[in-house]
Amino acid sequence: MSRVTLSRYLIEQTRSHNTPADLRFLIEVVARACKEISHAVSKGALGGVLGSMGTENVQGEVQKKLDVMSNEILLEANEWGGHLAGMASEEMDSAYQIPGKYPKGAYLLVFDPLDGSSNIDVNVSVGTIFSVLRCPDQYLTQNDSLNEQAFLQPGTQQVAAGYAIYGPQTMLMLTLGNGVKGFTLDRELGSFVLTHDNLCVPETTAEFAINMSNQRHWEPPVKRYVDELLAGKTGPLDKDYNMRWIASMVADVHRILTRGGIFMYPRDAREPSKPGKLRLMYEANPMSFIIEQAGGAATNGTQRILDIQPESLHQRVAVFLGSKAEVERITDYHLEG
């Protein structure tokens with residue numbers, strides 16, 4: 001049987017699910033950019049790309065050389081194709097305007113160019129997260145600058161989302177709203193090849209991912225839930241759990257997508273005015289879309305993440321996602337107060 005490449009899969013989606021050709025072309029361009037980022041990441045010290053730039057992004061985080069390089073790769077790959085009305089990146093203060101010399105399209109691309117970049121120098125898996133939205137009609141102009149408001153759509157409006165993970169293999173996980181597919185980069189062929197069909201997150205789990213060093217800062221519902229997990233068979237859940245924490249959202253969520261579990265990044269007492277650490281637009285929404293399409297669930301503790309109306313490009317949010325039964329349990333604990 002011939003192997004199904006990403007290009008072939010997208011063409012088949014156009015035929016069977018009426019996926020617009022412009023969206024197909026956009027996904028292929030993003031995938032090519034991810035291949036280029038993968039190549040740069042794999043070179044590491046040999047390519048002179050490790051270490052920091054000595055600058056900070058809008059989040060106040062120190063930018064790694066590969067953060068900046070990955071951001072530029074995605075911008076340059078996607079700005080000229082005519083598929084996009086604009087882009088927004090975690091590494092940039094404001095929306096990226098498509099240069100006037102290029103035609104504009106009907107979509108918006110939102111991305112975290114290199115998630116988990118604090119792990120780059122120690123050779124731990126990192127990745128690229130992206131989300132595709134339709135640009136509202138009132139913002140579809142060829143000449144005017146794109147207003148940030150065009151991007152502020154709830155996650156339910158995403159038409160596609162995915163992530164590339166750069167590990168022992170480079171993989172692209174993708175949803176177009178009809179399930180989740182996984183593609184592995186065949187470096188000899190130079191293409192992403194379908195290797196994981198209709199991924200499904202198990203409803204129950206025996207694994208959880210959370211940064212335990214922050215335990216003293218958690219809110220009571222999170223402390224209660226994690227205490228029950230740690231109690232194992234002797235506790236109310238009557239089951240032993242294992243903890244896994246990589247400190248790279250892409251890597252942690254990838255494990256949960258492929259074998260189950262719950263990922264937690266709660267708000268805490270250190271910054272009580274902030275509703276969480278992770279970015280709604282660049283991380284939480286695309287990952288929640290993927291997890292839900294695989295049969296899992298994702299909330300901020302009290303509300304489905306995909307239902308949250310964004311108020312700003314860099315809005316933060318608490319995240320609980322993964323196996324449905326566990327996400328529902330900790331959400332219930334939050335709602336009980």
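Keep in mind that glycine also has a Cβ here, set from the backbone N, Cα and C atoms.
As written in Swiss-Prot, here are the features:
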type    : residues                                       : note
BINDING : Glu90, Asp112, Leu114                          : Mg(2+) 1 binding site
BINDING : Asp112, Asp115, Glu283                         : Mg(2+) 2 binding site
BINDING : Asp115, Gly116, Ser117, Ser118, Asn211, Lys277 : substrate binding site
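Sequence features, as recorded in Swiss-Prot, placed on the structure.
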residue : record                 : CB count, 10 Å
Glu90   : Mg(2+) 1 binding site  : 23
Asp112  : Mg(2+) 1 binding site  : 29
Leu114  : Mg(2+) 1 binding site  : 30
Asp115  : Mg(2+) 2 binding site  : 29
Gly116  : substrate binding site : 21
Ser117  : substrate binding site : 24
Ser118  : substrate binding site : 15
Asn211  : substrate binding site : 14
Lys277  : substrate binding site : 19
Glu283  : Mg(2+) 2 binding site  : 26
Of the binding-site residues listed as Ser118, Asn211, Lys277, Glu283, the one whose CA lies nearest the CA of Asp112 (Mg(2+) 1 binding site): Glu283
Nearest-integer angstrom distance between the alpha carbons (Cα) of Gly116 (substrate binding site) and Glu283 (Mg(2+) 2 binding site): 11
CB-centroid shell, 8 A cutoff, Mg(2+) 1 site Glu90, Asp112, Leu114, site residues removed: Asp67, Ser70, Asn71, Ser89, Glu91, Phe111, Pro113, Asp115, Ser117, Thr128, Ile129, Tyr282, Glu283
Check: same-chain CB within 8 A of Mg(2+) 2 site center, minus Asp112, Asp115, Glu283: Glu90, Phe111, Gly116, Gly127, Thr128, Ile129, Tyr163, Met249, Val250, Leu278, Arg279, Tyr282, Met287
Conformational class of Glu283 (Mg(2+) 2 binding site) under the three-state DSSP mapping: helix
Cα-Cα distance linking Glu283 (Mg(2+) 2 binding site) and Lys277 (substrate binding site), given in Å to the nearest integer: 10
Asn211 (substrate binding site) and Glu283 (Mg(2+) 2 binding site), Cα-Cα, nearest whole angstrom: 17
DSSP-derived structure type at Glu90 (Mg(2+) 1 binding site), helix or strand or else coil: coil
Maximum Cα-Cα separation (Å), residues Asp115, Gly116, Ser117, Ser118, Asn211, Lys277 listed as binding substrate: 17
